[in-house]
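Asks: Pulled these from TrEMBL:
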type	residues	note
BINDING	B:Cys114, B:His116, B:Glu150, B:His177, B:His390	Mn(2+) binding site
DOMAIN	B:200-294	domain 'Peptidase M20 dimerisation'
There are 4 protein chains.
Amino acid sequence: MDSLTAVLDALEPLFPALEADYQDLHAHPELAFQEKRTAALVAERLAAQGGWEVTTGVGRTGVVAVLRNGEGPTVMLRADMDALPVKEATGLPYASTVTATDDSGTEVPVMHACGHDLHVAALLGACALLSSRTEHWKGTVVAVFQPGEESGYGARAMVDDGLFERFPKPDVILGQHVGPGPVGLIATCPGTVMGATDSITVKLFGRGGHGSKPESAVDPVLMAASLVLRLQTIVSRETPAQEPVVVTVGKLHAGTTAAVIPDTAELGINVRTSSAPVRDKVLAAIERLAKAESDAAGATAEPEITPVYHLPMTVNDTAAAERVADAHRKAFGDAAVMTMGPTTASEDFGILATAAQVPSVYWFWGGLDPEVFTAAFAAGRLDEDIPQNHAPTFAPQSGPALTVGVRSMVAAALSWLAAAGEATA
Amino acid sequence: MDSLTAVLDALEPLFPALEADYQDLHAHPELAFQEKRTAALVAERLAAQGGWEVTTGVGRTGVVAVLRNGEGPTVMLRADMDALPVKEATGLPYASTVTATDDSGTEVPVMHACGHDLHVAALLGACALLSSRTEHWKGTVVAVFQPGEESGYGARAMVDDGLFERFPKPDVILGQHVGPGPVGLIATCPGTVMGATDSITVKLFGRGGHGSKPESAVDPVLMAASLVLRLQTIVSRETPAQEPVVVTVGKLHAGTTAAVIPDTAELGINVRTSSAPVRDKVLAAIERLAKAESDAAGATAEPEITPVYHLPMTVNDTAAAERVADAHRKAFGDAAVMTMGPTTASEDFGILATAAQVPSVYWFWGGLDPEVFTAAFAAGRLDEDIPQNHAPTFAPQSGPALTVGVRSMVAAALSWLAAAGEATA
Amino acid sequence: MDSLTAVLDALEPLFPALEADYQDLHAHPELAFQEKRTAALVAERLAAQGGWEVTTGVGRTGVVAVLRNGEGPTVMLRADMDALPVKEATGLPYASTVTATDDSGTEVPVMHACGHDLHVAALLGACALLSSRTEHWKGTVVAVFQPGEESGYGARAMVDDGLFERFPKPDVILGQHVGPGPVGLIATCPGTVMGATDSITVKLFGRGGHGSKPESAVDPVLMAASLVLRLQTIVSRETPAQEPVVVTVGKLHAGTTAAVIPDTAELGINVRTSSAPVRDKVLAAIERLAKAESDAAGATAEPEITPVYHLPMTVNDTAAAERVADAHRKAFGDAAVMTMGPTTASEDFGILATAAQVPSVYWFWGGLDPEVFTAAFAAGRLDEDIPQNHAPTFAPQSGPALTVGVRSMVAAALSWLAAAGEATA
Amino acid sequence: MDSLTAVLDALEPLFPALEADYQDLHAHPELAFQEKRTAALVAERLAAQGGWEVTTGVGRTGVVAVLRNGEGPTVMLRADMDALPVKEATGLPYASTVTATDDSGTEVPVMHACGHDLHVAALLGACALLSSRTEHWKGTVVAVFQPGEESGYGARAMVDDGLFERFPKPDVILGQHVGPGPVGLIATCPGTVMGATDSITVKLFGRGGHGSKPESAVDPVLMAASLVLRLQTIVSRETPAQEPVVVTVGKLHAGTTAAVIPDTAELGINVRTSSAPVRDKVLAAIERLAKAESDAAGATAEPEITPVYHLPMTVNDTAAAERVADAHRKAFGDAAVMTMGPTTASEDFGILATAAQVPSVYWFWGGLDPEVFTAAFAAGRLDEDIPQNHAPTFAPQSGPALTVGVRSMVAAALSWLAAAGEATA
C-alpha cells in the first residue's frame with residue numbers, strides 16, 4: 001500500500017463527525033472578517049487532532065496551524081472561510097437563516113453561497129488525515145484558514161500580519177474551490193487559471209426634490225439607470241471579442257421612497273479581465289462613462305469612483321500544476337482529471353503566492369450530484385437547472401463533495417510530502 | 001376692533017413657547033404611523049390650553065380635539081404630522097439626527113422635509129388663539145392632527161376609524177401646506193388644486209449568480225435600469241403634452257454586493273396625473289413596459305406590480321375658496337394673496353372632504369426668507385438655490401413662517417366662525 | 001338673401017371641377033419649393049376666373065393674386081401648397097405614387113399627408129366665389145398660395161420677396177388648416193393657437209470600421225440610439241409638467257450596410273414649446289445631451305448641431321378671431337364652432353402677421369367622415385383608427401371637406417368685405 | 001535556381017502595368033454583382049497573357065480562367081472583386097469618386113474599402129507569372145474572380161452556377177486577404193481562421209403621425225434606439241466571456257424629416273460567432289429582444305426579422321495550411337510568417353471548400369507602410385491611426401502590398417504545382 005492510499009484510508013471513521021461539522025458551518029455562515037465562530041470551531045478541531053501549533057487572529061480572524069513532521073518540504077494548504085450576503089433558498093435541512101450587519105451598517109441575510117464552508121471542512125479533514133498518519137510522510141504542513149476572500153482583503157490581511165514571517169515559509173501553496181460540476185471531476189489548469197477582478201463603487205450626485213417636480217431636481221435614479229445601460233457597451237463595443245471581459249453591476253441603490261427624488265445613487269461594479277491593458281481600458285471606460293452620464297444629467301458634482309478591491313490574476317506554476325494533476329489521477333483515476341481554460345472568476349489566492357514568491361496551484365472540484373448534472377446537461381438546461389456559485393440555491397452534495405474535497409487536498413499535499421517520506425524511508 | 005384682529009392679537013405672548021415646540025418637533029421627526037411623541041406633545045398642549053375634548057389614537061396615531069363654543073358652524077382644521085425617510089442636511093441648530101425602522105425593517109434617517117412639523121405647530125397656535133378668545137366667535141372647532149399623510153393612508157385610517165361619526169360633522173374642512181415661496185405670500189386655487197398620485201412598487205425577477213458568469217444568470221439590475229429609461233417615454237411619448245403628468249422612480253434597490261448578480265430588483269414609482277383616462281393610460285403603460293422588459297430579459301417570472309397607495313385629486317370648493325381668500329386678504333393685505341394653477345403635487349386631504357361630502361379648502365403659504373427668495377429669483381437660480389419640499393435642505397424660516405401659518409389658519413376658520421359670532425352679538 | 005348666402009350659393013355649379021382639381025393636386029404632390037405644377041394650375045385657374053392680377057414666382061414658387069373691388073378693407077387669404085416625404089398608404093383612387101429628389105439628393109416618396117392640397121383647392125374655390133359675386137362685397141382680396149410651409153421657410157421667403165411691398169397691405173390675414181376632426185366642425189382659438197417649433201439636425205461623429213472589430217471603431221449608431229433615449233428625459237424630467245413640450249426624433253440615419261460600422265449618424269429633431277424660457281432650456285438640453293453622449297462614446301469630434309428652422313408661436317388676434325367665429329356660426333350654425341386650447345403643432349403663418357404687423361386669424365376645420373369619427377370615438381379608438389396629419393393614411397373626405405373649406409374661407413373673408421359692401425350699399 | 005525563385009523573377013518587368021491596373025480598379029469600384037467593368041478588365045488581361053480558357057458570367061458577374069499545364073494537381077486560386085458602399089476618404093490620387101445604385105434603389109458612394117481591388121490585381125499578377133513560366137510547374141490552375149463577397153452570396157452563386165461541375169475540380173483551394181498589418185508580414189492560422197457571420201434586417205412597426213402629437217402615434221425611432229441599446233446586452237450578459245461574439249448594428253434608418261413620426265424603422269444587424277450553439281443563442285436573443293421592444297412600445301405589428309446572409313466558419317486544413325506557411329517562409333523568410341488565432345471577421349470563401357469537399361487555406365497579408373505601422377504601434381495609437389478594413393481611409397500601400405500579394409499567391413500555388421513539376425522533371 002502506498003502512502004497516498006494509506007493516508008486516505010484514515011478518512012472513513014472520521015467522516016460522520018466531519019460531515020456534521022460541514023453542515024454546522026453551512027448553517028452558521030459569517031461575513032468577511034466576522035468569521036469568529038468558524039475560526040473557533042477550526043481551532044477547537046485542530047487542537048483535538050493533536051500535533052498542530054494553532055494561532056488565531058492572523059489577519060484579524062484567520063487561523064494558521066503548523067504541523068512539523070521532520071525534514072522535508074513545507075506545504076501550505078489554504079481554505080477560505082467567509083460567506084456572502086445572500087438569502088439562502090436551497091431548502092436544505094441545514095440551510096442558513098442567519099443575518100448579519102454588513103460594513104455599511106445594513107442588516108443582510110448571510111449564506112455560504114460559494115462553498116467556503118466546504119473548503120474549511122475539507123481542509124479540516126485533510127489536516128485530520130495528515131496528522132493521524134505522520135508515519136507516511138515527512139516535512140511541514142501549514143494549514144491556512146483565511147478570512148475575507150469575498151471582500152478581496154483576506155489574503156492581504158494575513159500577509160500583512162506576518163504570514164510568511166511568523167510561520168514556516170512554504171515551498172508550494174495549494175488551494176482548491178468547489179464548483180457547479182459533477183462530483184468526481186477535478187479541473188486542472190496550467191498557467192493562468194483565473195483573471196483579475198476589480199470591485200468599484202460609483203456614487204452619482206443629483207439634487208433631491210419632490211417626486212412631482214423633477215424639473216427642480218436632478219434625478220440620480222435616471223443617471224444610474226442610464227449608466228448601467230452604457231456600461232454594457234464596454235464589453236459589447238470597446239474590448240476585443242477574443243478577450244474575456246465581464247462588467248457586472250451587482251448592486252444599485254438609490255432612494256428610500258417612491259415620492260422623493262433622492263440626492264444620490266450608488267452602483268457596485270465588478271470587473272473581470274485577463275490582461276493588464278484591457279483592465280486599464282475597462283477601468284478608464286467606467287470612469288469616462290460615469291463622468292459623461294453626470295454631464296448629461298447636469299449632475300451637481302463629479303461622480304465619486306472608489307476602488308473597493310483588486311484581485312490579481314491567479315497563475316498556476318506549470319510544473320507544480322502537473323504534479324498535482326498526477327496525484328489526482330492517481331487518487332481518482334485518469335478520467336476524473338480534465339484540463340480547463342482560464343475562467344473569468346477571481347480569487348485573492350494569488351496574493352499569497354505573489355507575496356511568498358513560491359509556486360502555487362489552484363484547482364476546482366465538482367460538488368453536484370452527477371445524475372442531476374448529467375440530466376440537466378442532456379436536457380440542455382445547465383443554466384436553468386444547475387445553480388452557480390453565489391446563487392441562493394447553490395448546494396453542493398454534502399457527503400460525496402466533502403469526501404472528494406478531503407482526498408484531493410491530501411493527494412496534492414502528499415505529492416510533495418510523501419516523496420520526502422519515501423526518500424527517507 | 002374686529003373679531004379677526006382681536007383673536008390674532010393673542011398670538012404675541014404665546015409665540016416663544018410655540019416656536020420652541022416647532023423646533024422640538026423638527027428635531028424629533030417620526031415616520032408615518034409612528035407619530036407617538038408628536039401626538040403626545042399635541043395632546044399635552046391642547047390639555048394645557050383648556051376647553052378641548054382631546055381623543056388620541058384615532059386612525060392609529062391621530063389626534064382629534066373638539067372645542068364647542070355655542071351655536072354656529074362646525075369647522076374642521078387639519079394638520080398632518082408625519083416626516084420622511086430623508087437625511088437632513090439643513091445645518092439648522094435644531095436639525096434632526098433621528099433614525100427609525102421603516103416598514104421593510106430597514107433603519108433609515110428621518111427628517112421633517114415636508115414641513116408637517118410647521119403644520120402641527122401652526123394648528124396648535126391656531127387652537128391656542130381660538131380657545132383663548134372664545135368671546136369673539138361662535139360654533140364648533142374640530143382640530144385634526146392626522147398621521148401618515150406621506151404614506152397615503154393617514155386620512156383613510158382616520159375616516160375608517162369614525163372621524164365623521166365619533167366627532168361633530170363639519171360644515172367645511174380647511175387645510176394648508178407650507179411651500180418654497182417667500183414668507184408673506186398665500187396661494188389660493190379655486191377648483192382643482194392638486195392632481196392624483198399613485199405610488200406603485202414593481203419587483204423584477206431575474207436569476208442570481210456569480211458576477212463573473214452573467215451568461216448563467218438573468219440580470220435584474222439591467223432589467224431595472226432599462227425599465228427606468230423606458231418609463232421616461234410614458235411622459236415623453238404616450239401622454240398629451242397639454243396634460244400634466246409626472247412619472248418618478250424615487251427608489252431603486254437591487255443587490256447587496258458588486259460581485260453577486262442578485263435575484264431581484266425593486267422600483268418605487270410615483271405617478272402624478274390630473275384626469276382619470278390619462279391616469280388609467282399611465283398605469284397600464286407601466287404594467288406593459290414592466291412586462292415587456294421582463295420578456296426582453298428572459299425573466300424567470302412576471303413582474304410583481306403592487307399598488308402602494310392612491311391619492312385622489314384635491315378640489316377646492318369655489319365659493320369656500322373665495323371666502324378663505326377674502327379672509328387672507330383681510331389678514332395679510334391684497335397683495336399677499338395670489339391665485340395659482342393646479343400643481344402636480346398630491347395630498348390625502350381630499351379623502352376627508354370626499355368622505356364627509358362637504359366643501360373643503362386647501363391653500364399654500366410661503367415659508368422662506370423673502371430676501372433669499374428674491375435674490376435667487378433675480379439670479380435665475382430658483383432651482384439651484386431654493387430647496388423644494390422633500391429635499392434634505394428644505395428649511396422654512398422658523399419664526400415668520402410659523403406666525404403666518406397660525407394667522408392664516410385662524411383667519412380662514414374665523415371667516416365661518418366669526419360671522420356666527422357677529423350674528424349672535 | 002344676405003351677402004354671405006348669396007356668395008356661397010355660387011359654389012354648387014363650380015364644385016365638380018373644383019373637386020377634380022383637388023384630386024388632381026392630391027395625386028401630384030410636390031415637396032417644399034418644388035411646387036411648380038401646383039403653382040401653374042393655380043395661376044391657370046385664377047386666370048380663367050377673371051379679375052385677378054396673378055403674380056407667380058413670389059418667394060421662389062409662390063403665387064399672389066389680387067382682386068380689387070372698390071373701396072373697402074384689404075383681406076389676405078393664405079393657403080400653403082407643399083407636400084411631405086411620406087409614402088402614401090390611403091388606398092384612394094387618386095392616391096399619390098409620386099417620388100421626388102429631396103434637398104439631400106435622395107429620392108423620396110411624396111404625399112399630401114397634411115392636407116395642403118385641400119387648402120389650395122379651398123382657396124381656389126373661395127377665389128371663384130368671391131370673383132363671381134363681386135356685387136356682394138367691397139374691398140380688395142389678396143390670395144396667397146404659399147410654398148414651403150413644411151420646410152419652415154415658405155412664409156419667410158415670400159416676405160423677403162416683397163409680399164407686403166409689392167402687393168396691397170392687408171388689414172387682416174386669414175388662414176385655415178384641415179385636421180382629423182369630423183366634417184362640420186370648426187375650431188376657433190382666441191389668443192395663442194399654436195406653439196413654437198424648432199427643427200434641428202444633430203450629427204454625431206464616430207470612427208468607422210469593420211463590423212467584426214468594434215473595439216477599433218467608435219460606433220455612432222450606438223451613440224445615436226443612446227441619445228434618442230436620453231432626449232426623452234427632457235420632457236419627462238427637465239421641463240415642468242404644466243408646460244406643453246414635445247421633443248420628437250423624426251429621422252435617424254446611420255450606415256449603409258450591416259457589416260460596416262459607419263463614421264457618423266444623423267438625427268432630425270423636432271421641438272415644440274410654448275414659452276421662450278422653456279424653449280431655451282430645451283434647446284440647451286439637446287446640446288448638453290449630444291455633447292455628453294459624444295464624450296461617453298469617445299467620439300472623434302464634437303457633435304454638429306444645426307438649426308434647420310424656427311417657427312414662432314401663432315397668436316390669433318382676439319377681436320378678429322371672434323369676428324371669424326361669428327361668421328362661421330352664421331354659415332354653419334352655432335354648434336359647428338367649438339373653442340379649442342393651444343396645440344403643440346406649429347406653422348409659419350405667424351411669420352406673415354408678424355412681418356405685416358396686422359391682426360391675423362387661423363382656424364381648423366374637420367375633414368373626416370363624421371360617422372367614421374363617431375364610431376372610432378365611441379369605441380375609444382381615435383388614436384388607432386383615425387389617421388393624424390402627416391400619417392401615410394391621412395385622407396380627408398374629398399367632397400364634404402372641400403365644401404366646408406371653401407365656405408369657411410369665404411365666410412371669414414366676407415366678415416370684413418361684406419360689411420364694407422353693405423356700408424356702401 | 002528553384003522553381004519558386006524562377007517564377008517570381010518574372011514579376012519585375014510586368015509590375016508597372018499591374019500596378020496601373022490596381023490603381024485603375026481602385027478608382028472604379030463596383031458593388032456586389034455589379035462588377036462588370038472589373039470582370040471585363042480581368043478577362044482582357046487574361047486573354048492577353050495567353051493560355052487561359054476564360055469564362056465570364058459565372059455566378060452572374062464572376063470570371064473563371066483555366067490554365068492546363070500537363071499532369072499534376074489542380075489548384076484553385078480565388079480573389080473576390082466587389083467593393084463597399086463607403087465614401088472614400090483616403091485622399092489617394094486614385095481615390096474613388098464613384099457612386100452606384102444599391103439593391104434598395106438608393107444611390108450610394110462606392111469604395112474598395114476592403115482591398116478586393118488588391119486581391120484582383122494580385123491574382124492577375126500571379127496568373128501572369130504562372131502562365132509565363134509554365135516550364136517550372138505541372139498541373140492545372142483554376143483562377144476564380146468571385147463577385148459579391150460582401151453580399152455573402154458570391155461564392156454561393158458561383159457554386160450554384162456549376163463552378164465545380166463546369167471546371168476542373170481542385171485538389172486544394174487557396175485564398176488570401178489584405179489587412180491592416182505592415183507589408184512583409186503574412187499571418188497563417190491552422191484550423192478555424194474566421195468565425196461565422198450572419199447579417200439580419202429587423203424592421204419595426206410603429207404608427208406614423210405628426211411630430212407634435214406623439215401620443216397619437218407609436219414612435220418607431222424610439223423603438224429602434226431602445227433595441228440598439230438592448231442588443232448590446234447579448235454580448236455583455238448572455239454569451240460567455242470566453243467565446244468571441246460581436247453584434248454590430250451597422251445600419252439604422254428611420255424617417256425622412258424631423259417633423260413627421262415615421263411608420264417604421266429598419267436595422268441592419270451583423271453577427272459574428274464561433275460556435276453553433278452560441279450562434280443559435282444570439283439569433284434567438286435578437287428575435288426575443290426585437291419582439292419585446294415591440295411589445296414595450298405597443299407596436300402595430302410584430303417585427304419583421306429577415307436573414308440577409310449566413311457565412312459559415314472558415315476552417316483551414318491543418319496540413320495544407322502548414323504547406324502554405326512553409327512556402328511563405330521560403331519566399332519571405334521565417335520571420336515574415338506569424339501564426340494568428342481566429343478572428344471575428346468572416347468570408348464566404350468557406351462555401352467553396354465546403355461545396356467541393358476539398359482542403360482549403362486562407363491567409364492574411366499586411367498592406368501598410370511598416371514605418372507608419374510601427375510608429376502607431378509605438379505610440380499606442382494603432383486604433384486611432386491605422387484604418388481598418390471597411391474604414392473610409394483604408395489604403396494599402398500600392399506598390400509593396402501588391403508585390404507581396406502576387407508573390408504570396410504564387411508561392412502558395414507552387415507548393416503544390418512545383419512539386420509535380422519537379423517530380424516529372
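Just so you know, glycine gets a Cβ as well, placed from its N, Cα and C.
In terms of burial and nearby residues, how do these features look in this structure?
Replies: In the structure as shown, the Cβ atom of B:His116 (Mn(2+) binding site) sits within 10 Å of 29 other Cβ atoms.
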Asks: Report the residues of the chain - excluding B:Cys114, B:His116, B:Glu150, B:His177, B:His390 - with C-beta within 8 Å of the mean position of the site's C-beta atoms, for the recorded Mn(2+) site, in sequence order.
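Replies: Other same-chain residues near the Mn(2+) site: B:Asp80, B:Asp82, B:Ala83, B:Leu84, B:His112, B:Ala113, B:Gly115, B:Glu149, B:Asn389.
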Asks: Could you give me three numbers for the domain 'Peptidase M20 dimerisation' (B:200-294), the DSSP helix, strand and coil residue counts?
Replies: 41 helix, 31 strand, 23 coil
Asks: If I restrict to non-local contacts, at least six residues apart, and a C-beta distance under 8 angstroms, what lies near B:Glu150 (Mn(2+) binding site) in its own chain?
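Replies: Same-chain residues close to B:Glu150 (Mn(2+) binding site) (Cβ under 8 Å, separated by 6 or more) are B:Leu31, B:Ala32, B:Asp82, B:Ala83, B:Leu84, B:Cys114.
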Asks: So if I draw a 10 Å sphere around the Cβ of B:His177 (Mn(2+) binding site), how many other Cβ atoms end up inside it?
Replies: 25
Asks: Look up B:His177 (Mn(2+) binding site) in the DSSP assignment and reduce it to helix, strand or coil.
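Replies: Assignment for B:His177 (Mn(2+) binding site) reads strand.
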Asks: State the mean pLDDT for the domain 'Peptidase M20 dimerisation' (B:200-294).
Replies: 94
Asks: Sequence gap of 6 or more, C-beta under 8 Å: which same-chain residues meet both conditions with respect to B:His390 (Mn(2+) binding site)?
Replies: B:Leu84, B:Val86, B:Ala113, B:Cys114
Asks: Which of the three DSSP-derived classes (helix, strand, coil) applies to B:His390 (Mn(2+) binding site)?
Replies: coil
